[in-house]
Amino acid sequence: MSLRDQLTEIKEKGLTDIKQVSDLKKLNEIRVHLLGKKGPITAALRGIKDLKPEERPEVGSYANKIRDAIAQAVTQHRDQLEQAQLDAQLAEEKIDVTLPGKPVSQGQPHVIQQIIDEFVDLFLGMGYEVLQGPEVEEDKYNFERMNLPKNHPARDMQDTFYISKEILMRSQTSPMQARALEKHDFSKGPLKMISPGIVYRRDTDDPTHSHQFHQVEGLVIDEHITMADLKGTLITMAQKIFGNKFDIRLRPSYFPFTEPSVEVDVTCFNCMGKGCDVCKHTGWIEVLGAGMVHPNVLNMAGVDSKVYGGFAFGVGPDRFAMLKYGVDDIRDFYLDDVRFLNQFNKRGN
Amino acid sequence: MKVSYKWLKQYLDLNMPAKDLGEKIERTAVEVDSVDVAQTGLKKLVIGHILSMKDHPESDHLHICEVDVGEDQPLQIVCGAPNVAADQKVIVALPGSRIGGNVKIKRSKMRGVESEGMICALDEIGFSKDVVPKEWADGIYVFDDSVPVGEPVYHYLGMDDPIIDLDVTPNRGDMLSILGTVHELAAIYDQHADIKTPVANEDSQIDVNQEISATADSSLAKTYKLRVIKGVKVAPSPSWLQITLWNAGVRPINNVVDVTNYILLKYGQPLHSFDQDKIDGNIQVRLAQQGEKITTLDEEDHELSTNDIVIADNDHPIAIAGVMGGFNTQIDDQTTSVVLESAIFDSIRIRKTAQRHVLHSEASQRFERGINPDTVEAAIDEAANMIQTLAGGKIATGIVTAADYHPELPTIFMTAERTNHVLGTKLTLAEIKKIFDRLGFTSEDHEDGLNVTIPARRWDIHIDADLFEEVARIYGYDKLPATLPTGRQTIGVLTQPQKVQRASRQILEGLGLTQAISYSLTTESKAKMFLMRQSEVTKLLSPMTQDHAVLRMNLLSGLLDDVAYNHAHKVNDVALYESGRVFYKDNIDQVRPEEVEHIAGVITGNFDNPAWNNHINPVDFYQMKGIVNQFLINLGINGDIEYTATDQYSDMHPGRTANISIHGHYVGFVGQVHPKVTKQFKIKETYAFELNLQELIDLPKNDDQYQPISKYPSIKRDISIVVDRQITNDQILAVMKKRGGAYLSDIQLFDVYDGKNVPDGKKSMAYSLTYVNPRDTLKDEVVTTAFEKIKKRLTDDLKAEIR
Ligand SMILES: [Zn+2]
């Protein structure tokens with residue numbers, strides 16, 4: 001057998017062996033054996049000295065080709081084996097991706113807080129400042145300065161918790177109107193404020209009454225503020241908070257601290273104005289009270305009602321939340337049942 | 001005020017559906033609670049004539065009636081009413097009919113006898129028992145003989161009349177009457193209402209001044225007038241009057257009392273009728289005297305207050321003025337002489353009296369809201385005429401007037417410019433004048449505006465702003481433009497404290513706590529828990545319940561109530577925080593408490609919900625401390641946060657509570673709620689913190705948040721020491737920080753162990769120390785020197801054994 005045939009045989013056998021190997025360690029052993037100094041190629045090439053000198057280069061070059069072919073086959077096969085091994089591992093690692101993710105603790109703002117924040121952000125955007133007043137108020141600010149002198153029959157509309165003859169739990173956020181008017185320097189600009197907070201009424205707690213609830217008071221006073229501005233502001237509020245399809249309507253009402261006074265209805269959330277049980281088939285739901293600030297309120301706060309005037313409104317976030325989410329018991333807001341609170345966790349809109 | 005649509009139509013040309021009228025009133029004048037037609041939902045109720053009646057053979061109270069209902073054959077109806085009798089005209093519910101409460105009436109057998117329908121009482125077809133006349137209260141209703149047999153009953157009972165229930169605001173007392181409502185609708189629909197002034201049909205033979213005299217304190221009664229009618233015959237009122245009253249929610253009594261109630265509804269002027277023969281001497285309007293008593297018409301006894309106005313004769317009070325008449329002088333079947341009273345009593349006193357005696361009557365409600373001084377006399381005149389018409393008798397000539405009041409009508413100047421300035425409209429003076437014409441206000445041109453004279457019936461109007469409202473509502477709020485305020489710009493931005501408050505909430509929510517809002521009013525014992533400073537309680541003068549009687553001085557007790565509520569509902573993993581005010585008083589004499597913003601949190605159960613693949617994670621002190629600490633770090637307050645063990649709070653675990661201070665300022669505490677407290681609240685192991693948020697807002701903040709990260713590598717060395725158990729982490733850290741050298745940048749505790757291989761009374765602590773030089777590469781020898789120094793100090797100062 002010629003040297004060339006020997007080499008060919010080594011190659012054939014080598015390639016066959018490589019293909020049959022199924023693990024990386026053996027493959028490496030074959031590679032070391034075939035290509036190493038003690039391997040068959042090296043051994044076969046020892047016979048090269050028996051060849052004619054002119055034949056030697058040709059066989060030498062043939063031997064190198066065989067080496068390359070084997071090395072390439074090893075590499076190729078190694079890649080295949082590695083891929084197979086990885087595939088097997090990945091197959092082994094397969095999990096049930098439908099099992100639940102690990103719970104992460106995430107607290108939620110209270111639903112009433114969410115609504116208050118929504119009001120606050122909207123009115124900040126319209127240039128209002130946020131003012132917060134005391135929850136324990138003077139009768140003077142809660143009533144007298146709001147044009148409700150002692151013995152005024154409208155005081156009966158709000159049964160109030162008193163601490164002394166002159167000190168009470170505020171029954172409305174309106175006293176912030178009086179406090180803000182008293183302090184504001186109109187030479188520096190108009191007064192535009194909202195005042196969110198807790199208020200208290202001497203009510204028995206039941207599904208629609210709570211002795212503690214929230215209000216957001218709004219007040220705008222300048223030289224040229226009209227009732228049309230009030231209407232526009234309330235429409236903006238309804239549409240930004242509920243959506244552009246919502247409309248409002250004003251109805252005459254009575255508050256001692258505004259004149260004219262209006263009750264404000266917004267398109268029924270439930271039927272979008274078609275009429276349903278929620279809105280008693282009117283298509284409208286009463287959401288807030290508003291009006292043009294009564295001249296007495298301005299004058300008592302030392303603001304000249306002949307020069308300055310404007311509007312005020314008061315919204316109940318509890319009622320808003322009840323309407324928006326269909327909560328039918330106001331007490332649910334103050335029990336802090338985590339199953340209740342944690343539902344209000346959708347904040348993408 | 002329940003207003004009959006039919007009654008309104010006597011004065012105005014109204015053709016719209018009642019619902020539309022209701023909506024118009026609601027959008028222009030006052031709120032409308034409901035528009036109802038009583039017959040709605042009723043079916044097949046007809047007038048029947050009882051032809052004959054015999055006793056039921058199987059019953060001692062049932063009767064078998066043959067009833068003509070206008071069909072070919074009479075119906076046989078079994079009836080158990082005590083007042084049923086032959087020849088009555090009655091309400092018959094035919095087979096297949098529907099009566100009150102949506103009840104269906106079918107043919108049935110009653111004790112073996114066929115009954116083809118039912119003879120009805122008024123309350124069975126939907127009448128409130130409160131308005132059913134006494135005569136018909138315990139049996140069926142019997143029509144007068146004039147009604148046609150076989151016709152539906154509704155018209156003959158007034159049940160076809162739409163009733164508009166007005167919710168009159170306190171300022172619009174004028175609308176608590178038919179005539180007031182008529183005036184309002186005349187303005188709304190631009191019509192003229194024909195309202196006639198009555199003239200009393202007096203008998204010249206009888207002089208009222210010979211009959212009675214009266215005196216009145218005009219500060220109690222601005223107007224006080226009496227008329228006398230002699231020779232009346234008291235009887236039930238005709239059905240038209242009864243219908244008018246019961247449709248207004250008033251129970252018919254007799255032809256005298258019913259007239260006074262009718263006039264009250266029509267004019268808004270409460271009248272009272274006395275039996276002249278039961279009055280002893282002259283009438284006085286005065287304040288009640290100490291110890292005086294009266295039994296009112298409802299047969300209730302009242303101890304009178306010296307602030308109550310009474311009507312008295314020579315001996316004793318005969319009526320609580322403006323609220324309710326006395327039982328002893330009431331009109332009864334034997335009455336022949338009637339004294340009619342028409343007055344205006346002081347509204348504030350009436351209101352207080354009605355509240356004091358819990359007697360809120362149709363009369364008191366009107367005296368409280370105001371009375372039209374123009375119609376006091378018209379009301380008494382018309383009443384006298386009506387009584388004469390219905391009960392006979394003669395009207396004495398003249399009126400006894402003990403007090404009289406005719407206020408000067410106010411004239412208010414207003415301009416179109418000012419109106420438009422307030423409303424945002426572009427109305428002309430002529431348009432405005434037209435609105436006043438419709439309202440029946442006389443207006444005269446004056447300078448660039450109008451002098452508007454307000455009729456006495458609109459006592460709610462005093463200033464031009466009141467007129468702007470009249471203009472706006474008659475013009476229509478729907479026509480008002482919608483604009484946004486223009487003028488000088490303002491910047492809307494949260495103040496620093498508001499930003500901190502908002503950030504506080506967001507940080508705690510990010511740390512896993514959900515916001516709670518609990519009640520600020522609590523019990524005295526809960527108010528006093530977890531006190532962070534000495535304080536007296538603030539109590540309500542008259543709480544509704546003892547559960548909400550005292551202002552809280554901590555937030556935690558409210559949060560524990562919340563935890564208890566959750567536990568009671570099988571929710572055991574609770575993580576809540578609350579941001580709100582507590583109310584402190586330095587001494588008992590201080591009336592108004594100081595309001596301080598606090599923030600507090602509680603955790604109980606497992607902090608993370610237990611999942612299928614992770615172990616439960618029961619809360620402990622260090623979980624709560626970790627939350628508080630991260631919260632305080634995020635608030636960025638300048639200075640070190642220090643935790644000092646404390647047993648000062650009797651409601652906290654004495655060995656598991658730490659006071660928190662920042663830069664030496666006490667700001668609150670964190671720890672485990674005392675087991676006796678958790679037992680009291682019926683809850684499980686709970687950890688809590690409460691912080692003075694106001695203090696956190698006020699403390700200076702660290703603006704210097706950013707430090708460049710060193711480009712040079714850091715070197716870490718770990719150290720494990722064994723020390724006495726009493727040695728605290730803080731003591732060890734203090735030594736390491738003090739002696740750590742310039743390059744010690746961080747110390748992390750990574751192990752605490754006191755089990756096997758650690759001697760009794762000792763513990764093993766392991767720390768990882770990081771050294772870095774921000775300006776150069778640190779040399780190993782430098783770190784080694786520094787590290788050795790720490791080891792030595794720990795050994796010397798804390799008797800630590802280095803491992
Ligand atoms: Zn609806």
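From the backbone N, Cα and C atoms, a Cβ is placed for every residue, glycine too.
Feature annotation from TrEMBL assigns domain 'TRNA-binding' to B:39-154. Residues or ranges marked as domain 'B5' by TrEMBL: B:407-482. Residues or ranges marked as Mg(2+) binding site in TrEMBL: B:D460, B:D466, B:E469, B:E470. Marked as domain 'FDX-ACB' by TrEMBL: B:710-803.
On its own chain, B:E469 (Mg(2+) binding site) has no residue at least 6 apart in sequence with a Cβ closer than 8 Å to its own Cβ. The 10 Å shell around the Cβ of B:D466 (Mg(2+) binding site) contains 20 further Cβ atoms across the protein chains shown. According to DSSP, the domain 'FDX-ACB' (B:710-803) comprises 30 helix, 32 strand, 32 coil. A sphere of 10 angstroms centred on the C-beta of B:D460 (Mg(2+) binding site) encloses 19 other C-beta atoms. Along the domain 'TRNA-binding' (B:39-154), the predicted structure has mean pLDDT 93.
Under the DSSP three-state reduction, B:D460 (Mg(2+) binding site) is assigned to coil, being neither helix nor strand.
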